[in-house]
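Summarising the annotation, TrEMBL assigns domain 'Cadherin' to 73-153, 154-262, 263-377, 378-482, 482-599. According to TrEMBL, the feature signal peptide maps to 1-27. Per TrEMBL, the feature transmembrane segment maps to 599-628.
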Amino acid sequence: MKLGKVEFCRFLQILALFLCLSGMNQAELTRSRSKPYFQSGRTRTKRSWVWNQFFVLEEYMGTDPLYVGKLHSDVDKGDGSIKYILSGEGASSIFIIDENTGDIHATKRLDREEQAYYTLRAQALDRLTNKPVEPESEFVIKIQDINDNEPKFLDGPYTAGVPEMSPVGTSVVQVTATDADDPTYGNSARVVYSILQGQPYFSVEPKTGVIKTALPNMDREAKDQYLLVIQAKDMVGQNGGLSGTTSVTVTLTDVNDNPPRFPRRSYQYNVPESLPVASVVARIKAADADVGSNAEMEYKIVDGDGLGVFKISVDKDTQEGIITIQKELDFEAKTSYTLRIEAANMHVDPRFLSLGPFSDMTTVKIIVEDVDEPPVFTSRLYSMVVSEAAKVGTIIGTVAAHDPDASNSPVRYSIDRNTDLERYFNIDANSGVITTAKSLDRETNAVHNITVLAMESQNPAQIGRGYVAITILDINDNAPEFAMEYETTVCENAQPGQVIQKISAIDKDDPPNGHQFYFSLTAEAANNHNFTLQDNKDNTATVLTKRNGFRRQEQSVFYLPIFIVDSGSPSLSSTNTLTIRVCDCDADGIAQTCNAEAYILPAGLSTGALIAILACVLTLLVLVLLIVTMRRRKKEPLIFDEERDIRENIVRYDDEGGGEEDTEAFDMAALRNLNIMRDTKTRRDVTPEIQFLSRPTFKSIPDNVIFREFIWERLKEADVDPCAPPYDSLQTYAFEGNGSVAESLSSLDSISSNSDQNYDYLSDWGPRFKRLADMYGTGPDCLYS
């Protein structure tokens, strides 16, 4: 009959407990008699503890306290006079003692892995006196181990790597399991290792836990990762032992065991001939199953007719070979190229050379496609020269361009006017001859850089560009002149032969051998008695005095004409006048004042002060004239009494007429009749005198006569008006035509009628109605106030 692991463990526990109870591990305290010991008239018998080490089984699962052992003294006669006490580690809490019999029991479950032994002290006392009858002694209770802990991998799970294609027995990693049981007692802590998963690729050493490869030539490209399960079992792997497991992930690392291979033996690509230099033509890649540095490749062109036209480089990220153009393509010169390209690993492992050459070859054919190209000039830059004296139409040079295509289309020429804004040059559209179109001036622009355009006759969109540099040759067309404006002075106390000025000249021309100027006085000034000129022969001249005694009051300024001639062919000359001022100088010859007016003006009053005074006087005169003019032009008001000015005043009445629909109140046709004219005419721009006259009579006249007479009356009034402005002015009148035949409907005219209505009461309404009272009141004070 076979027992399980649990039943077997319980069987061992019961067997050990039985051995303890049978007295194998029991220690009793016995009395050993010795010879009497005499000391100072009294005899003392020596007594001692006799005991053995106690053992107790761990992990006791019973319900009763576990018997550990018995303490006994030979003094104890069994009459109950002796009692036993226990102290030390776990006393009373874990271990208890029967004070009458000395039996020791464990009251709790013990675990050797927590504490392997306990040190206690035993004491036998007289029950009556409570005094020790034996000396106190120590003893040890040792916990006896059982196999109750399985092995554990404290560092698991594990990860490891091993190079692919490694030989059998290559160490991968070592795993370690620990068992908490007592390694000195039995086989509870003796562990052996075995592999549960991962065979037949890997194996493990039973005693050391070292994992090794078990198969040769494991290929990462086929499978790059393996999961292993390792078991550790105690009791030397025997039945009934406890076990623990862990996982180990093994990754195969790459080695360079795969050579590069092109997927195809040949490639073909089409490219236009207009593709710029350095453009990418194609990308090719050799396949390599390896990764990382083992897959790094280099490409090179080993043969073919495009060695100098194309080049190949490697893309470090994708390991592709990039074919680019090194020279311009020309379909008319060559229509195709063939390249032999090799791809090879950069890092070759000598161990795997037997697998074959770590390189591969392929053929790349590049077809050049024809495109319509613009005309091409025979030279990228033309250099031409022309004299600035050249006449209009002079031929400067010729440019030439041709159509590089097979059609060889005719070419027409023109000048890019953005490079010749002043239109100095022309070009013949058919021959490319460049001529002058305007007079040239080297001093304005010495070099003209123009762009010539060449376009195909059949396809004007195809335009080629050529560059022409035209240098203008110099001629002697500029006379020399003073290099600067000279401020020359001579002191009144100057001596004869004294240098007062050194002059030089400039010339805008640029002769090949440099300038050479000659200085002299003009014929009119050659015999003057004041100054002379000395040519220094180095393109400078010196002005000297010929006498002394210069006085400002006699002559303050001298003008010296100087004749300058250049060395050109033909030579040119000019006369330049040097202005020399006479000045009062100090002892060092430094000019102090050069104004002749200093002798004439009164002391303390300069020319500037006089000018300021005159300016103030003129300003005052202008102000006076302006004030007088403004006062004369100021117009008097047309209304003499401001209080009686009723223009631009609105008089509001609360009467509501019947409107146009009210035809019974008055005749509407009479209001629309303009064929009437007032007999009496009064001025509208002044307040008329109030007259008590009957309503004026009207007569019908033509419309044009009404307006003409109205304008004529206003014109005469403006002519005789003393307050009218003395210049032409615009007079505006709001004339609405003649009065109605039905006469006025307004109450404003009622003052001149025979109405009996009296408005004198308006004077009693206060100042606000004074205006109306003045207009409609009948009293004398209302008429003339």
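Cβ coordinates are placed from backbone N, Cα and C, and glycine is handled just like the others.
Note: TrEMBL annotation is automatic and uncurated.
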Per-residue pLDDT averaged over the domain 'Cadherin' (73-153), given as an integer: 84
Summary of DSSP states over the domain 'Cadherin' (263-377), given as helix, strand and coil counts: 10 helix, 54 strand, 51 coil
Per-state residue totals over the domain 'Cadherin' (73-153) - DSSP helix, strand, coil: 0 helix, 35 strand, 46 coil
